[in-house]
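Pulled from Swiss-Prot:
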type	residues	note
ACT_SITE	Glu127	active site, proton donor
BINDING	Cys12, Cys97, Cys192	[4Fe-4S] cluster binding site
BINDING	His42, His75, His125, Ser220, Ser221, Asn222, Ser264	isopentenyl diphosphate binding site
BINDING	His42, His75, His125, Ser164, Ser220, Ser221, Asn222, Ser264	(2E)-4-hydroxy-3-methylbut-2-enyl diphosphate binding site
BINDING	His42, His75, His125, Ser220, Ser221, Asn222, Ser264	dimethylallyl diphosphate binding site
Amino acid sequence: MQIFVACPRGFCAGVERAIETVEIAIRRYPEKKIFVYHEIVHNSRVIQDFKARGVDFIEDITKVEPKSVLIFSAHGVSEEIEKYVKSLDLVLVDATCPLVSKIHREVQRFEKEGFIILVIGNRNHAEIIGTVGRTKTQAYIVQDPEDIDNLPSITGKLAYVTQSTLALEYTSTMINKIKEKFPNVVGRSDVCYATQNRQEAVKALAKEVDLMLIVGSTNSSNSRNLMQVSSKICQKAFLIDNYNEVEPDWFEGVDRVGISSGASAPEILVQDLVSFLKKRFPSAEVSDFKFKEEKVQFKLPII
C-alpha cells in the first residue's frame, strides 16, 4: 500500500495565530480567567485541550466575567459585540484572522460608497454573522442559488463579498449566478489562500488514489469542503476527527490512500493517522504529495 499525505494541509497562518494567541494569554495571565468568544478554531481536539487548561468558550457574550481575559476567535465578531466588550472591565484580545478583518474593511468600504451588499456563505457560520454585523445598512446573506432567485429587485449599486472558507466550485457558481441576475454587480471572491491551496491539493491527490481520508471536525467549514471536493473525484472519501473513526472495510480493494486535513486540524492528528495505518499495513510506503509551498505568517495581536 502507498500512503500520500497532501502538502499543504492542516493549520493555516490565521489558525496558527489564533491558537498561539490563546497560548500566550494563558502564560501571561495565569491569575485571570480566560474566555474565548466562539470556538477559537473549529476543531474538537484543540477545544478539548484548551478546556482542560481552564479556558472557557462562550457563545453568549454576557457570560464573560469582569476582570477576565476575553479573546475573539479567528472568525471575527460584529461591531455591536466589539463595542459592548470594550465597555467592560476586562482584557480584550482580538484573534480575528487578518484575512477576515480584510473582508470586514471591504464591507465597510462598500457601505460607505453607497453599495447594497450581498454576503455569500453559510448564514449560521460565525464568520458570516460577524461580517454582516460590520454593516449598518441592508446586507443580504445568500447561501444557495434559491436565495439569489428570491432577492428583490435592486436598482442601486450592488456589491458582494464571500466567506473565506468556501468551496471554490460553489463560490464560482454563486458569483456567476449573481452576475447573471445583476450584471453590474462588483466584487471578488474572498476565499483565502489556504482554503484554495488545500482544496486544489486535495483535488489533484484524489485523482491518484483509491481512498481519501480528510482529518477535521464536522463543524469545520474548510474540512467539510475538502471532503466534498474529494468525494466528487474519489469514490471512497471520508471525513474523520481522528484515526479512531477509521473503519476496516474502507480499505477493501484499496492500494493507494490519500490524506489531508482541514485548516483547523492539528498536525498531530495526521501523524497519529499515519502511524495507525503503518501499524495496520506494515509494508505501506508513506510519502508527501507536494502541491504548493506556503510561507504566509501573520503578526500576533497585542496581548
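Quick reminder: no glycine exception, Cβ is built from N, Cα and C everywhere.
The (2E)-4-hydroxy-3-methylbut-2-enyl diphosphate site is set by His42, His75, His125, Ser164, Ser220, Ser221, Asn222, Ser264; from the centre of their CB atoms, other residues of the chain with a CB within 8 Å are Val41, Glu127, Thr165, Asn219, Ser223, Gly262, Ala263. Taking the centre of the Cβ atoms of Cys12, Cys97, Cys192 as the [4Fe-4S] cluster site, the nearby residues of that chain (Cβ within 8 Å, site residues left out) are Ala13, Gly14, Val15, Ala74, Leu99, Val100, Ser164, Thr165, Tyr193, Ala194, Thr195, Ala263. Local packing around the binding-site residues Cys12, Cys97, Cys192 was summarised as the count of other Cβ atoms within 10 Å of each Cβ; on this measure the leading residue is Cys12. The CA atom of Glu127 (active site, proton donor) is located 16 Å away from the CA atom of Cys12 ([4Fe-4S] cluster binding site). Closest to Cys97 ([4Fe-4S] cluster binding site) by Cα-Cα distance, out of the binding-site residues His75, Ser164, Asn222, is His75. By a simple count of nearby Cβ atoms, those within 10 Å, the most crowded of the binding-site residues Asn222, Ser264 is Ser264. Within the set of binding-site residues Ser164, Ser220, Ser264, the entry lying nearest in space to Cys12 ([4Fe-4S] cluster binding site) is Ser264 (CA atoms). Each of the binding-site residues Ser164, Ser220 was scored by the other Cβ atoms within 10 Å of its Cβ; the lowest score goes to Ser220.
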